[in-house]
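Peer 1: According to Swiss-Prot, the active site, schiff-base intermediate with DNA annotation covers PRO2, on the basis of sequence analysis. Here Swiss-Prot flags GLU3, LYS58, ARG273 as active site, proton donor. Residues annotated as DNA binding site in Swiss-Prot: HIS100, ARG119, LYS162. Taken from Swiss-Prot, the feature zinc finger applies to 247-283, supported by sequence analysis.
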Amino acid sequence: MPELPEVETVRRGLAPVLEGARIAQAAVNRPDLRWPFPDNMAQRLTGATVTALRRRSKYILADLDTGETLLIHLGMSGRMQISGDVIGSFHHTHPAAAKHDHVVLDTDAGARITFNDARRFGAMDLMDTATQDQHWLLRDLGPEPLGNAFNEAHLVAAFKGKRSPVKTALLDQRIVSGLGNIYVCEALWRAGISPLRQAGKIAAVRVATLVPIIRDVLTEAIEAGGSSLRDHRQATGELGYFQHTFRVYGREGQRCQTPDCAEKILRKVQSGRSSFYCPACQR
């Protein structure tokens, strides 16, 4: 599933095409994806102007001049694909409709944005912009890891007395939103903290080091266009390439990349997800 860097990469690719654009025509080609689409979604989108394109956690939020916000969740395999007349200095013709093109937005400037989702774990919803923080997918989210509210004091307090493993705690979207398996594994390796360690038993000074490390990992991943392991593509269709710099994720049995460390990377399943770590460097 796309994590924060992949979603932010897609948002940045869409922003030049969607922000300020009027949706001249919207087409919805099926009644649902993971959940049913809102009533009359195509009609409510047609004629609306996108005033801002934002990201919250792993969701893209398109604010409309109608007072509604379009929430987009990419799910496991969802892609937002741009074609048409305006993508910076590029020109992409509209491709023939594909089997899994579920939502199509045509702008008045000649661009087309297509939401393609083969597995149909993605979602779209419309909500009142003024009360969007109360939407059931958004209301319990913790602070953004790249925002000021995510700081050392917050994380130390969130971990205090917590019995779950540190990796599980970091994946808890109520503690910090947007983090996923890949980037938590990478951040814990950089911090030298085992994903198996009980969160509440890690010294506060070590917990505090996670904040800048998490920010660095996410920032580097965004700059690299995210990680393309299976389905992720940027809005222009390009692959991300952060996967080429992984230090632990997906490297089971390979040598740790810490200088002078001869240990091999281990994999352990935690809460249904694979954790990758070095047993020597991460304590």
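Counting starts with 1 at the first residue shown.
From the backbone N, Cα and C atoms, a Cβ is placed for every residue, glycine too.
Computed from a predicted structure; not experimentally measured.
Thinking about packing and proximity, how do these listed features fit into the structure?
Peer 2: Just so you know, the Cβ of PRO2 (active site, schiff-base intermediate with DNA) picks up 25 other Cβ atoms within 10 Å once every protein chain is counted.
Annotation for GLU3 (active site, proton donor): spatial neighbours LYS58, GLY178, LEU179, GLY180, ASN181, ILE182, TYR183, GLY226, SER227, criterion Cβ-Cβ under 8 Å with sequence separation of six or more.
Cβ environment of ARG273 (active site, proton donor): LEU171, ASN181 lie under 8 Å away, each six or more residues apart in the same chain. Reduced to three states, the DSSP call for ARG273 (active site, proton donor) is strand.
Around HIS100 (DNA binding site), the C-beta neighbours below 8 angstroms that are at least 6 residues distant in the chain are ASN116, ASP117, ALA118, ARG120.
If you look at the zinc finger (247-283), the same-chain residues 6 or more away from its ends with a CB under 8 A from one of its CBs are 165, 167-168, 171, 181-182, 185-186, 188-190, 192-197, 229.
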Peer 1: How long is the line from the C-alpha of LYS162 (DNA binding site) to the C-alpha of PRO2 (active site, schiff-base intermediate with DNA), rounded to the nearest angstrom?
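Peer 2: PRO2 (active site, schiff-base intermediate with DNA) has its Cα 27 Å from the Cα of LYS162 (DNA binding site).
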